[in-house]
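Per TrEMBL, the feature region 'Disordered' maps to 103-127. Annotation comment: TrEMBL describes 131-428 as domain 'CDC20/Fizzy WD40'. Annotated repeat 'WD' per TrEMBL: 177-218, 261-293, 309-353, 397-430, in sequence order.
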Amino acid sequence: MDAGSLSSFSNLKGQSRCPLQEQLLQRKNSKENMDRFIPNRSAMDFDYAHYMLTDGRKIKENQTACSPAREAYRKQLAETLNMNRTRILAFKNKPPAPVELFPSEHSTASAHPTKSLKPRRHIPQSSERTLDAPDLVDDFYLNLLDWGSSNVLAIALGNTVYLWDASDSSTSELVTVDDENGPVTSVNWAPDGRHIAIGLNNSEVQLWDSTANRQLRTLRGCHRSRVGSMAWNNHILTTGGMDGQIVNNDVRIRSHVVETYRGHQQEVCGLKWSASGQQLASGGNDNVVHIWDRSMASSSSPTQWLHRLEEHTSAVKALAWCPFQSNLLATGGGGGDRTIKFWNTHTGACLNSVDTGSQVCSLLWSKNERELLSSHGFTQNQLTLWKYPSMVKMAELMGHTSRVLYMAQSPDGCTVASAAGDETLRFWNVFGVPEVAKTAPKVNRELFSQLNRIR
């Protein structure tokens, strides 16, 4: 901005501030001047008031003709009879002290010496950065975006998986699959932030080392159709397919299928392990949410669910485990449902249900505050930030022109990436910065050491 522009901006700013400030002061004074103080009749002596208005006035008029001795006698008599009062009307309460229009820091601090209010966090209403995402598949049932612990974001565009390094904003291509195998239908980073699973339309899952840019193995025989959802639990990769099956794959061993969960009648579009790794939440196109317990898993027979939750009336893809309450799960329903529901996964009870007014595509809990972020479809295609547990809307973030299908959270929990059918990838500084930086848990990087020997 040049000096002339800066000067004109300062003049404009000064002009806009002064009238506003003056208007507020005038309004304040007019409000104060309208106060009426009603005399307190019980505190008044009406006989004395009448005397002062009549006879007392005559005495004052004739004071000039009185001798000094008579004047001294009158004063002594008035003092004895309490006639020196000058006020006729008595008020019960004193008028309020004048308002200090510009209070000093000292007076403000002394007025509230003990209470310190937390400053309200500024939530930017526009995206911090927008990247092109051509050929992003506009499919509600897929999961094409994930942000790994090494601060690298993976996104699948058509048959290709791209990696975007948030530390230096560099982009690289990891893999492009053949047309007969693609498109890519899901991506999910392993806990170490180096290895990544890629689900394909042909029912296979590829495991890649992103640092070496090398494929480690292909998981086959898990499903009969595309793999649209995946979730890691240590060395176990859980996959969900259009065939309705959920499979636990131990990536360290050759015969990788170790458990199978059967309960969904249609495509499994959402999978999330709890932080403890003991419970798995799955959502499907059959409008059902299942809670599976790891301790009940069996390799010899299909595993029975712990809870079957059937309150949603549309497909459930959005799943999010609460980071500050281990047994709290948030779920979001599709276009025919439009609700966010909260569940106690120990009992299976629905704790709350909130109608959002539009399709819920994705859910993310804040790692730093008690807040929940949801992404939506028609009609506004917005991201909505909610305060938990009141579920009061804190902000609505606009920018996408098509349904916001995918969201991913940065490792520090501050930034959220969203990808939509408008083929854009947007970054939002929606979550607050943590007050105290927590040490990241150590990840066992030896989990994938045996993958080099498996084919």
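Numbers run from 1 along the shown chain.
Yeah, the Cβs are placed from backbone N, Cα and C, and that goes for glycine too.
In TrEMBL, annotation is done automatically, which means it is predicted and not curated.
Touching of the repeat 'WD' (309-353) and the repeat 'WD' (261-293) is concluded from the presence of at least three CB pairs under 8 A, sequence neighbours closer than 6 excluded. Across all of the repeat 'WD' (397-430), the predicted model scores a mean pLDDT of 97.
Summarised by DSSP class, the composition of the repeat 'WD' (397-430) is 0 helix, 17 strand, 17 coil. For the repeat 'WD' (261-293), the number of residues in each DSSP class (helix H, G, I; strand E, B; coil) is 0 helix, 19 strand, 14 coil.
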